[in-house]
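Student: According to TrEMBL, the protein carries these features:
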- A:30-51: transmembrane segment (TRANSMEM)
- A:96-285: domain 'ABC transmembrane type-1' (DOMAIN)
- A:98-124: transmembrane segment (TRANSMEM)
- A:145-169: transmembrane segment (TRANSMEM)
- A:217-238: transmembrane segment (TRANSMEM)
- A:259-284: transmembrane segment (TRANSMEM)
Amino acid sequence: MTDTTQNSAPDTRLEVLKGFWRHFKTNRGAVFGLYFFIVLVFIAVFAPLIAPHGATVQYRDALLVPPVWMDGGSWNHILGTDAVGRDLLSRLIYGSRFSLFIGVVVVSVALVVGICLGLVAGTFRGWIDTVIMRIMDIILSFPSLLLALVLVAILGPSLINAMIAIAIVQQPYYVRLTRAAVISEMSREYVMAARVSGVRTLRLMFVTVLPNCMAPLIVQAALSFSTAILDAAALGFLGMGAQPPTPEWGTMLAEAREFILRAPWVVTFPGVAILTTVLAINLIGDGLRDALDPKLKRS
Amino acid sequence: MAEDIILEARDLVREYRSKEGMFGKVNVTRALKGISFKLERGKTLAVVGESGCGKSTLARILTLIDPATDGDLLIEGKKIDIAKQKITPDLRSKVQIVFQNPYGSLNPRQRIGDVLTEPLMLNTDLPAQERRDKAMEMLVKVGLGPEHFNRYPHMFSGGQRQRVAIARALMLNPKLLILDEPVSALDLSVQAQILNLLADLQEEFNLTYLFISHDLSVVRYIADKVMVMYFGEVVEYGTRDEVFDNPQHEYTKTLFNATPRADIAHIKERLARTG
């Protein structure tokens, strides 16, 4: 036999991962984002050990204390305190838990529901496809935050309801991506080959086709993770998300609104926390897209 | 009956309906206009024709992917109509197919081992170890090795992939193999290897081939009988020698003349014909 296999090609899942990491590494912003995200996860997991104070403990003798580098600041409250004397740093540290929790829950719910609907629409086509896609079009035709606001107004303001609302607002994107990928995969010959060897529709959808559609979905998941955090913060700011005294970053912003001139640090730090987290996750998303999308892959 | 017929088609018709807009009139495209033929066990029938003449539609009907609009399909004397009856694992294992494009016919996320064992897992109740052994055995039979079991399709060349596709088709011990232009995506030396492999396998498993092709030199090499299709109709049907030596239909003659030949007499004749 003249044709031989190249032995340099990846053989195991580990080596596939290694190849992925090699592509991912070329994007320095993405690597930086990943490190930041890992630190953030670490902080969130070990919040009670790291935070110098409790998240809701009020120090009545230290209201609106400025951060340590400003006049009147103290090492006791490194980033200062808010209007009722709660330590800002501790609240931010505990707040990272909520932000990550929101991101994970919203993305998982939107991803699972979106993939199922997209698979059904892309596999069966016909009227079921039309019905699903028109509903998604209707959801997409509303400004997303406004729709989330209306949903929360109907469900009642709380963090869980805000997450449900954001997940509903986000899942049309997953449905569209999945459907498009499934339709293009369904016309490939390996799908027909699978049918001939007796693969039933359900197995065809989830085992044969879905793994080949995952790359754009992973990228979308990473990017909408940050959107979810941002939307939740916006809902919190409008008083429709997490309710005080929950140390959610958006809610903290809302509480600090009236002190924006007198004690700017109370508004600044939650804002900076949201900004850096969203930025880091977006950078990771960009890096994932570069590494997973074969069209953009530099070899 | 002396001859052993494994597959018989009687007046197979396939229509595709498409609507123009929501209320537009229905357009009916007849891809197959009444195809009839008989396939003898252990023999090779070559189906020849230009693109769009209904060859692949025929393949889809014979492999029980699409139902025929009209006409009868008989496999080993039994009438099959997938619009009315469910396809049993037993039926599945009678007809299998090898596709034209070896780059598209293997799932890029599936290891070769899983490609080969999946048909067994779905259609038989063999234990995992036995399925694995059978797959290994088949890999060796198609000229690959057991070391290829855990590799992914992207690590193989076109010829090797086509070997995998043939192995997959043979896993269920089919009686009839539909070969939908199995070598036209491969380069010449690999084509010869695959054709030889197919010939060896036919002998070993007493397989019947329905070989779809537009390459007449390949057809002349492998076929026992030849069927020429033209716009969904059979215009010529006979043994290889009959068809090649004495083509009856005008289209068949044109087809044979379209095959590049270098001798001067032929070129002069062609020039005279086209004016």
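Each Cβ is built from the backbone N, Cα and C atoms, and glycine gets one as well.
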Student: Under 8 Å, at least three CB pairs between the transmembrane segment (A:259-284) and the transmembrane segment (A:145-169) (pairs 6 or more apart)?
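Tutor: Counting Cβ pairs under 8 Å (6 or more apart in sequence), the transmembrane segment (A:259-284) does not reach the transmembrane segment (A:145-169), since there are fewer than 3.
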Student: Please give the sequence-distant neighbours of the transmembrane segment (A:98-124): residues at least 6 beyond its ends with Cβ less than 8 Å from one of its Cβ atoms.
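Tutor: Sequence-remote neighbours of the transmembrane segment (A:98-124) are 40-41, 44, 132-133, 136, 159, 162-164, 166-168, 170-183, 186, 201, 204-206, 209-210, 217, 221, 224-226, 228-229, 232-233, 242, 246-249, 273-274, 277, 281.
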Student: Mind checking which residues of the chain, 6+ beyond the ends of the transmembrane segment (A:30-51), have their Cβ under 8 Å from one of its Cβ atoms?
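Tutor: Sequence-remote neighbours of the transmembrane segment (A:30-51) are 24, 87, 89-90, 93-94, 96-97, 99-100, 276-277, 279-284, 286-288, 290.
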Student: Can you name the far-off residues of the same chain, 6+ from the ends of the transmembrane segment (A:217-238), with a Cβ under 8 Å from a Cβ of it?
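Tutor: Residues 98-99, 102-104, 106-107, 110-111, 115, 144-145, 148-149, 152, 159, 162-163, 165-167, 169-170, 173-174, 177-178, 181, 248-251, 253-254, 274, 277-279, 281-282, 284-285, 288-289, 292-293 contact the transmembrane segment (A:217-238) from elsewhere in the chain.
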